[in-house]
Amino acid sequence: MDKHRRDESPSGLSDIVEPDGLLGTGLTSRHIEAFGRKVTTTAGHLMAPSSTEATTGSHYHSAMVDIQRELRRPNTQRRVFSLTQTTPTDLVRSKLSTTEIQSRAISSLPDDLLANIPEDSSSYSLFEGFQASQDDHEYRKVHRRRISKGKKLLKDGDARAALPSTPTDLKKDRDILSRRLDLMGVRKNMCSSEIHEIDNKIANLHNMRKIVLDRLAGLEMEEAELEHELTELDNKLEDLQEEQPESQAAVATPKSSEANEDSFVSEDPAMDASFMSESIYQKMSSPKSIKQRSIRKRSMPILHEHFAPGSQIKEMPAHNDMVTAIDFDFPFGTMVSAALDDTVRVWDLNVGRCTGLLEGHNASVRCLQIEDNIVATGSMDASVKLWDLSRARSVTRDGRVNKDDEGEDTADDAHELFQSTTLEDCYVYSLDAHVDEVTALHFRGDTLISGSADKTLRQWDLVKGRCVQTLDVLWAAAQASTLGGDTQWRPSGRLPDASADFVGALQCFDAALACGTADGMVRLWDLRSGQVHRSLVGHTGPVTCLQFDDVHLVTGSLDRSIRIWDLRTGSIYDAYAYDKPVTSMMFDSKRIVAAAGENVVKVYDKADGHHWDCGAGVGADAEGPSPATVERVRLKDGFLVEGRKDGIVSAWTC
């Protein structure tokens, strides 16, 4: 039977169980000692690998010895087994498994370790401490106080805040605050040093940028000179190619020195008439044809794109009186200006120097246009003259044209020569058909349209040099009134202004012509039929300037307003006004610039609708002399040129 019970014990403890023992349970002192040794060995085996110090292993060993001693006492045994209904053998068999013993040995802590834990006298709970240790952004947004900033974290001294401070603690706190204050000073000095370093870097970058801009300006000047020389060589080659067939034809027709005088007299009267007709036509003066020699720009100037908007590029004292007309072909290219001093000057915008004068008109020039090499000027002498700048001779270093290479002049003589030199070879021909001053003109391709104070518009063929069509503005207005239309001549109801021309502005494109007149109306003409296609009514004063593109037409008037029209519907797309009358206007892809009777150019940004001023009057000293009023403006690719009442012409970035 004993053998059978020993074999049934799966834990190997059946050899210590006997029917008789302490308290009638069969558990003797020898059995308890054996059980204690096994538990001690098992616990030491389980806990030793997790202990890193020898003291920890000895601690567990002594704890097990104490447990063994307690279990050997009869009182302890009675208390332990008094409440159990089963024998200790059954308890050990059913409850104390290997997994449970391992779990209890790991999770249980002795009283010695628990006795060393200090008592927490802090009034903060564990959860409150966890909340205080977090970076509470919402709290900082609501409570932005300098004192509470950075004071959310709990510190060791917070628990002792309620206790009375000792001098030692106060000195310690003072030293800590003093050190923090010193660190703040060091950090401020570091920030100041970084700011100075950044300022120095920015200044160095500005200097480097200025150096690169100067280098770019030099490259563009050199590029302009090379392109000018290349254009001259191309023109010479074309002239040689034209002269070569003429010389070959002259050589192919030999002159007979033995010819009789009677051979020049023919018996056939028809032949005599043919000969006389040919000789007459050879002696008649025929107008020179315009030969379009386009300027071959391989690259456009980009220097002005690197300046801030509103920066001045050049200022030239161009004339001695008010500027009446101004135009240029492209940025840093060729500019032509006219004024009431009866002069027309050609300028090189790249260097800001006058290259010559266009002389031939008997009065002041009121309007002009430059396209490639061709310049058209309309004057108060009722004529339109055309000039070909590609025929000009090489310009000397002192700005003179047609200067002889022989001889040297003094500075005064050079200045006088510069003032009297003209581009005489550039004159092509004159268009004389108007009977009053020409106030507006525009040409594109082989077609030129001119408007005059004689209340007519004339269409010119630049190839033949003659007028092909005359448009009567008054007749068109009367015709529209007779047909019952809403377009008729509408007097403004006030005294005519000296600057209010009958034809204030015009522009043509193929068969389309837009014309603004003194009655405040803008008429759209069809050059194929010579009829008014549409009339735009809106201005209450004379129209002084206009320009259109594919979709919109922009007009300026003496009624102080600028109106943007939709060409597709004929309605007003946008409008704005200034304090004084608008005398000149032009736009590009980004901005609309206007001269509105002030010493600044009015600029309107198309994208955001922002209005700002550009010119010498911006930031001018109120006590000093005020710049003159802007009379004429021209804008191309962000390059602005404005002419003033005192004759000064300036170039700006816009």
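Residue numbering: from 1, along the chain as shown.
Cβ from N, Cα, C; glycine included.
According to Swiss-Prot, the coiled coil annotation covers 209-253, on the basis of sequence analysis.
Taken from Swiss-Prot, the feature region 'Disordered' applies to 1-20 (among others).
The feature region 'Disordered' is assigned by Swiss-Prot to 240-264 (among others).
The repeat 'WD 1' feature in Swiss-Prot is assigned to 318-359.
Residue counts for the repeat 'WD 2' (360-397) under DSSP (helix as H, G, I; strand as E, B; rest coil) come to 3 helix, 20 strand, 15 coil. Per Swiss-Prot, repeat 'WD 2' is recorded for 360-397.
Look at Swiss-Prot and you will find 433-472 tagged as repeat 'WD 3'. Panel annotation: around the repeat 'WD 3' (433-472), residues 287, 289-290, 363, 366-369, 371, 374, 376, 378-384, 386, 501-510, 513, 515, 525, 527, 530 of the same chain, lying at least six beyond its termini, place a Cβ under 8 Å from a Cβ of the stretch.
The annotation repeat 'WD 4' is assigned in Swiss-Prot to 478-535. When pLDDT is averaged over the repeat 'WD 4' (478-535), the result is 76.
Residues annotated as repeat 'WD 5' in Swiss-Prot: 538-577.
The repeat 'WD 7' annotation in Swiss-Prot covers 625-654.
Each residue of the repeat 'WD 1' (318-359) gets a DSSP state, and the totals for helix, strand and coil are 0 helix, 22 strand, 20 coil.
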